[in-house]
């Protein structure tokens, strides 16, 4: 293959096929194979230039807030609940915890890594070896058809026009400005309660579009949401003998960033600190609520003061998302991830994950449900969707997060919320938390949560992640909408899309390309755009049956010509047809597939990166995964991936590396591993393995707390409008609204109604006590008082979190960082005495030690003394 471009015949064939006309002295290879791309210099790679750009675009730069330096304390003293974990071999808890309790404070800094860059242009090189292999195979076909030529052309274009990497500061800044424009510009965000919705009416809609069940499983019920994180790990037995640990903490990616106050470290490295800070936050909140915090006077001030101490829980790191970006927009488009502080992520995940992870409910297993949550296109999943499209009834819709799919007038519409996270308000997230608590954390209508968690979910969590703040370089800046990537991102986006569909139903389902449909943007303050429309969708899908070509799933042979596809853009998947299985099967959208083939992401798992031979193992996994997700349908791509995977396998075998051991972790090495989660996939593509992967199986049984209205969203939307829809979750809803507030006195009426309903429940668990409930309109009228209280409390919480930031534009006065790319993380500098409430301070010491000179040591900051006194009073009250 080394001579692929050198022979006169090859030069002639390539020149003719791809329209290349080399001049004298030019090499065909030089013209066909893109050269190494050097990104343009980032014009905003300094704090002052970034701040100036943001100010010029009307973006708010906040006055910086400082953090206490971290100090070391013994883990067993801070987390006595988990002392037993330190005795277990391989325990994840370190002997000491590093906590933000120091006497000196600093301004936190975060310098993300942007690669490739002008200095390191080849950080993520394209797969030139794959391209050369495809060109070589192309030359072996005597009469190559247009389809084969298109494969080479598409891969070449992706290598030439795109690049994989994490963008630029300027790209991140442009994204921030664009998010602000969505939130405040053409259709500014609107709170749902001001539009006539209530938390309960939104919940009734989500009952259809995102039905959920209780946390845990039938044989292993979850513990109620009444504990601090450290008590979610339950030890049974003796660590010196037989023991068992019941883990009720949410699944968390321990390799991801820990966020403030641990810049540059992962959640796995700070798991003890994450639990300790979350523990203390919830315990302080609980204590203040028991004291009547939120009522007028000193108790209310204590709560707001406590929230100010934890300001950093609402400040995420502005992390650049690595993607395959267009080179032409390298300086203007970089997606941002709001990397949440790990305690914030943990506490919100404790609310959402136990419910959502055990709710595999979607269009495949519940009649009338339009949700694509936990949808997988394999094992017959995509075929079920195509059958749904082919059915004559319409209009109809599907929904997943910020994606909406509508079939109307035999036309398929793929609709995305425009910069979906930017459309979210704190009140939207309140409604989402209300839904998860009342529908998920509910046992036959009885709440499985306490006042502390209700208050956190309804009044505090939304303020932490929506319209909060973020850190980049030494700048603390405003965020508009929700921080992308927080633990409630999915459900918040899904709620926004549900409201769009609700309005569509109330309008009697107009065409998505009509002005009437477009008017929903203005009414809701939610922006969206039609990403793709396919007319005569049924005809095009039926044509796939007639045009299917021989291949792995149509004859059991390697393809010589690709079968046609219909690019539905269904969560990135297209449809093609298998004659052998007699069903429609998924292939990745062609553009996305060839873009993925053009640019490898490389080994992203740091723990695997250091293994000898891992690069060759990655090649095996990458090439076989590309075939599994759709490369099998494209002759040149399939054969090239197969050959390159085989070469990597032989290399590993010749060196004596344990191939089976590497491939056992293949899902960790593949960007597509999540698509095959739960499948026993043999990572060698054959007709048999593809047939097994796509063979239809019955969908998982649904897990819901109560039956879903089979009339679908349209029926519920209309019933809500008339007030005739019966509320079957009145008790838990009213209890939540009665407890999730900071001003207790204002919620007395709502609480009394909740207690009245609770007492009316008969002892017989099978009795239909819900028949005694009022119509929805009556119920919502009584809940309205508490709804207003919850909203008011959220505003107060937000003000407390922002109390130490400037209300005007701030011009940073820090020294220039000459080369941000080489700046270390974290940069701890600009030390100053602690003068105000900024951080946990000594609050955590109530569980362990105090300073040698006592809690009033003269070297302590005033705030540290205050927090230590608070802990001491709480400790004495428990004795």
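Numbers run from 1 along the shown chain.
Cβ coordinates come from backbone N, Cα and C, glycine included.
Your range for region 'Disordered', going by Swiss-Prot and the list 812-845, 846-879, is 846-879. Neighbour density at the Cβ, taken as the number of other Cβ atoms within 10 Å, is lowest among the binding-site residues 260, 263 for 263. Mean predicted confidence for the domain 'RdRp catalytic' (398-598): the pLDDT average there is 94. Cβ environment of residue 259 (GTP binding site): 316, 317, 339, 340, 341, 342, 344, 345 lie under 8 Å away, each six or more residues apart in the same chain.
Listed in sequence order, 257, 258 are the same-chain residues six or more apart from residue 265 (GTP binding site) with CB atoms under 8 A from its CB. A sphere of 10 angstroms centred on the C-beta of residue 262 (GTP binding site) encloses 22 other C-beta atoms. Within 10 Å of the C-beta of residue 264 (GTP binding site) we count 15 further C-beta atoms, all protein chains included. Within the same chain, residues at least 6 positions away in sequence whose Cβ sits under 8 Å from that of residue 266 (GTP binding site) are 254, 255, 256, 257, 258.
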